[in-house]
């Protein structure tokens with residue numbers, strides 16, 4: 001789970017959108 005919005009992430013992170021974190025889950 002991403003800790004802060006805007007950090008890079010992967011699809012395994014629950015709130016990862018297009019390679020970057022968002023504050024809440026993807027819509």
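Counting begins at 1 with the first residue displayed.
Cβ coordinates are placed from backbone N, Cα and C, and glycine is handled just like the others.
Taken residue by residue with DSSP, residue 17 (disulfide bond) is part of a strand. According to Swiss-Prot, the feature disulfide bond maps to 2-17 (among others).
The annotation disulfide bond is assigned in Swiss-Prot to 9-21 (among others). Residues within less than 8 Å, Cβ to Cβ, of residue 9 (disulfide bond) and separated from it by at least 6 positions along the same chain comprise 2, 15, 16, 19, 20, 21.
Annotation source Swiss-Prot lists disulfide bond at 16-26 (among others).
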Out of 2, 16, 17, 21, which of the disulfide-bonded residues is least crowded by other Cβ atoms within 10 Å? 17
